[in-house]
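Reading through the structure tokens given below for one structure.
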2 protein chains.
Amino acid sequence: MSAARREARAFAPGSVGNVGVGFDVLGHSIAGIGDIATVRRIDEPTVRINAIRGTVTDLPLEAERNTAGGALIALREALALSFGFELELDKGIPLGSGLGGSAASCVAALVAANALLDAPLSPHALYPHALAGEAVASGGRHGDNVGPMLLGGLVLATADRLTKIDVPAGWHAAVVHPHAVLETRRAREALAGAYALKEFVAQSANLAQVLLGCERGDASLVRAGLSDVLVEPRRAPLIAGFAEVKQAALDSGAMGASISGAGPSVFAWCEDEATARRAGASMAAAFANAGFASDLHLTPINGTAAEVLA
Amino acid sequence: MSAARREARAFAPGSVGNVGVGFDVLGHSIAGIGDIATVRRIDEPTVRINAIRGTVTDLPLEAERNTAGGALIALREALALSFGFELELDKGIPLGSGLGGSAASCVAALVAANALLDAPLSPHALYPHALAGEAVASGGRHGDNVGPMLLGGLVLATADRLTKIDVPAGWHAAVVHPHAVLETRRAREALAGAYALKEFVAQSANLAQVLLGCERGDASLVRAGLSDVLVEPRRAPLIAGFAEVKQAALDSGAMGASISGAGPSVFAWCEDEATARRAGASMAAAFANAGFASDLHLTPINGTAAEVLA
């Protein structure tokens, strides 16, 4: 039995949660941005956070109040580990952006810690611990951000299972992040109240068409379905310029566009990278018209998963 | 240009509407039961119903108050036909059974009339007229019964489009019809009121798993998803013995079971015909314990479509 590694670093990408039609259950990873966690195995039976650097520095260092710490606590308890972890986070994703920032720290920490186990787990087996970590930030167990980070690409994340959805390799997303913060709590409050059954009928038809369109590589099904009639109407008023940004994406040939996660970032799905680049530029211009600078991220929808760094 | 036929007969099968997780948008045909329409092309620019025979005889003969008549009126108007139709219906599906009885008459009449057109339409092109006919009975435009009858098998029926879902050929449904009538109106009333967002999240995750499971032939995904958490809890109290009937199906190895259409029929999905036969017998026994005789229909989930009879 070889001695386990004492330290590992891992990267977890950003993600587009909800993907418009799959509130709390559907998401895809965003290549090129993400958080890095450095985890060390320690003899004390505890989890501690030594440092948080990067785009966010005012997060709690108490492990149980941090998504990364919460996930490692859950992992330790589930596996009854005799040892503990200390970790440092290098955050690349701004919080309150709708790009999966809290989930990325959680998944990066889990994937790094997993590399230090005597018998590492599969990404699927890490999922419940990622849910436990994500719940520290959101108060609820939803896997639409951590799921895609663990498996890569587009993922259906149900209560106890992750299912990767096939997506044509050429399909790309433009994800535009305006320099404005929308607190997840406020975005959640916009969803309070009652819903009508007919809203759900329309949304479920849309979700079904998007899933079938992805699996079959049929863009016409995605175009028919990629429209959020349930959540977007309630959250759009919180995002300055949203209607114009969405229209800019559609005018550029996108298959559909909606809010990424809880916002304010907006994503557009396109059939190729050139269209995504064009749509992204138009969306950024629309945000500029509304008074906001923004960052553009281009990613294959079938994007990368979290990984241990050499 | 050859002279068009003057008379045609067509058969439309029954259907399992909703399939539990796809309220108003998902359904599959039931082989072996159905309605037959005999349609004659007439010179007068009108639609009239001459006779209704079979399991139901007290339906209105006024064309505009009957689903079959309503569909032919819609077809005439859309195509600006100079001629009219007269029709006779032989009903094989009881109304108020949850087996798509009103939809079957509508689709059988349309398919027969279509054979009398100088330029017959595709099943997809007949869909809007079938929706118009179905609306005569239900007051709403939902295609989860007419869609599967037009295309055969399992069909996603959205507002303006039908998409057939792949299903493994061996998968079968047991559909048990207790000898009790549940008025669609009463079944709809049970759904009045407000819904919580978390109900939608759970149901949409289930729908997604069922669709992916069918397309991939992955029974474990169907088992994980085939559970109606939205509508079934509200309608089950209207069906005597429902809980026991459902449990009997699951105990027999079914992948899942729920209410067919608006009920009171109950369906169970199984991985092969032998399991469906066993599940159906257990379900019928459970209905008998509740005091109801019943009929059992076994069908491939990828069942037959409506067709013109020789």
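Cβ from N, Cα, C; glycine included.
Automatic prediction, not curation, is the source of TrEMBL annotations.
Taken from TrEMBL, the feature ATP binding site covers A:Pro94, A:Leu95, A:Gly96, A:Ser97, A:Gly98, A:Leu99, A:Gly100, A:Gly101, A:Ser102, A:Ala103, A:Ala104. Under the DSSP three-state reduction, A:Ser102 (ATP binding site) is assigned to helix.
Residues belonging to the domain 'GHMP kinase N-terminal' (A:66-153) score a mean pLDDT of 95 in the model. The domain 'GHMP kinase N-terminal' annotation in TrEMBL covers A:66-153.
Under DSSP, residues within the domain 'GHMP kinase C-terminal' (A:214-288) fall into helix, strand and coil as 43 helix, 9 strand, 23 coil. Marked as domain 'GHMP kinase C-terminal' by TrEMBL: A:214-288.
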Cβ within 8 angstroms of the Cβ centroid of A:Pro94, A:Leu95, A:Gly96, A:Ser97, A:Gly98, A:Leu99, A:Gly100, A:Gly101, A:Ser102, A:Ala103, A:Ala104: which residues besides those meet this for the ATP site? A:Gly14, A:Ile93, A:Gly261
Structural state census, the domain 'GHMP kinase N-terminal' (A:66-153) (DSSP three-state): 49 helix, 8 strand, 31 coil
Show which residues of the chain containing A:Ala104 (ATP binding site), separated from it by at least 6 in sequence, have their CB under 8 Å from its CB. A:Ala12, A:Pro13, A:Gly14, A:Ser15, A:Gly34, A:Asp35, A:Lys91, A:Gly92, A:Ile93, A:Asn145, A:Met149
